[in-house]
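Listed in Swiss-Prot for this protein:
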MOD_RES   Ala2  N-acetylalanine
REGION    2-25  region 'Required for interaction with elongation factor EEF1A1'
BINDING   Ser27, Gly28, Glu29, Thr30, Arg52, Arg53, Leu92, Gly93, Tyr143, Lys147, Leu170, Arg178  NADPH binding site
ACT_SITE  Tyr143  active site, proton acceptor
ACT_SITE  Lys147  active site
Amino acid sequence: MADKEALPKLREDFKMQNKSVFILGASGETGKVLLKEILGQNLFSKVTLIGRRKLTFEEEAYKNVNQEVVDFEKLDVYASAFQGHDVGFCCLGTTRSKAGAEGFVRVDRDYVLKSAELAKAGGCKHFNLLSSRGADKSSSFLYLQVKGEVEAKVEELKFDRLSVFRPGVLLCDRQESRPGEWLARKFFGSLPDSWASGYAVPVVTVVRAMLNNLVSPSSGQMELLENKAILHLGKDRDVPKL
């Protein structure tokens, strides 16, 4: 990871490369903030959203955002949507309470993995995966097991660069109700950073960590950033505002 003092120059150097990016899950809490930050920092020459429905934006800054509407149950038919992107961000995810156990696995593992496969085939060099603290394919908890499984499967695809982010409880005003998460946000949000750093993180911090890591030199083919590393890397406040 680069020293924070070097980030402004790294951002400018990255912009000069005129890269393109796609975002999966731009309608979710993390995806929405990610899109806003990407546009605010003006990092890419082309920004594409891939999702099951077209999103509506009123702000002028979003006017050049491309959108590809796909059926995640038939992703092979939409392979062209994944072609020609240098960088990909995957923020796809649902909950067991909303989709049921099978639906959760379908979205968080199958959709994510198939999207990664198509992105790799389409020329994506750097894939960024939003996972979860505690992800472990051997876990007895379905959520952590699925997150661990998809991490391992995506790593097998051998992207030139794979960055996996494992945040703790995401601190945000989530529109979708997730049992237990609201209480966790209230609890961790009231604690000093030094206490909460291993367990919780603001969504905007996760997003800024993703983008600061993006413009920084790679530390290897596969990078795994746990919650504390995300907090450290994402606290840079010297970023452009949209």
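Keep in mind that glycine also has a Cβ here, set from the backbone N, Cα and C atoms.
Features per Swiss-Prot, on structure.
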residue: Ser27; record: NADPH binding site; DSSP class: coil
residue: Arg52; record: NADPH binding site; DSSP class: coil
residue: Leu92; record: NADPH binding site; DSSP class: coil
residue: Tyr143; record: NADPH binding site; DSSP class: helix
residue: Leu170; record: NADPH binding site; DSSP class: strand
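Within 10 Å of its Cβ, the residue among the recorded positions Arg52, Lys147 with the fewest other Cβ atoms is Arg52. For the region 'Required for interaction with elongation factor EEF1A1' (2-25), the model's average pLDDT works out to 91. On the backbone, the CA of Ser27 (NADPH binding site) and the CA of Lys147 (active site) stand 20 Å apart.
Nearest in space to Lys147 (active site), taking C-alpha to C-alpha distance over the binding-site residues Glu29, Arg52, Leu92, Leu170, is Leu92. Counting only residues at least six positions away in the same chain, the Cβ atoms of Arg96, Phe104, Ser132 sit under 8 Å from the Cβ of Tyr143 (NADPH binding site).
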